[in-house]
């Protein structure tokens, strides 16, 4: 594993931040040089909350790249989709700034995990979806799913979008932290999605995030 990977989710609040932190921690433990980035953080002022969570899970302090703003190039105060948060803050989202920051991180680290906002179809600007940006940059995707009710539908829609846009799925991460309280639903979601991943993206990895992994 080497290069830049885009971490997206099948929905909002699916566990992307925790999953990104845990994956980075595991890579660190394997001796990899890894950093996480939150290119667009909304609902914050000066520091990206998600980056702070990543560092806590990774067990490391804020890095020099964090202090330089490379891991959090765009921060908006209103907690909403990037296109709306930017509009309400009265300024445009700077895609060149984001691209440059990611490139600088990629030059310094072996692996860069880029955590997106929400799912693949979230608008970054009025004219650009997250999935458009991923395709433009050529990033493989790490997709976060779960065992909660509705996850099968949302995951298959995400699969269809990735195929339509010709984007490589690196791995599907099944997040047990958001499992349904109904054990039948959670287990069936796991079994079904594991089979569909093999059919739809045979080269993609299946990963599971246990409830204790983020502790």
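Start at 1 and count along the chain as shown; that gives each residue its number.
Any Cβ shown, glycine's included, is placed from N, Cα and C.
The model shown is predicted, which means the values in this text are computed figures rather than measured ones.
For the ATP site that Swiss-Prot gives as 13, 14, 15, 16, 17, 18, 115, 116, 117, 118, 175, 176, the extra residue drawn from 49, 50 is 50. Between residue 13 (ATP binding site) and residue 115 (Mg(2+) binding site), the C-alpha separation comes to 13 Å. Residue 115 (Mg(2+) binding site) sits 5 Å from residue 38 (active site), counting Cα to Cα. Listed binding-site residues: 13, 50, 115. The one with the lowest count of other Cβ atoms within 10 Å of its Cβ is 13.
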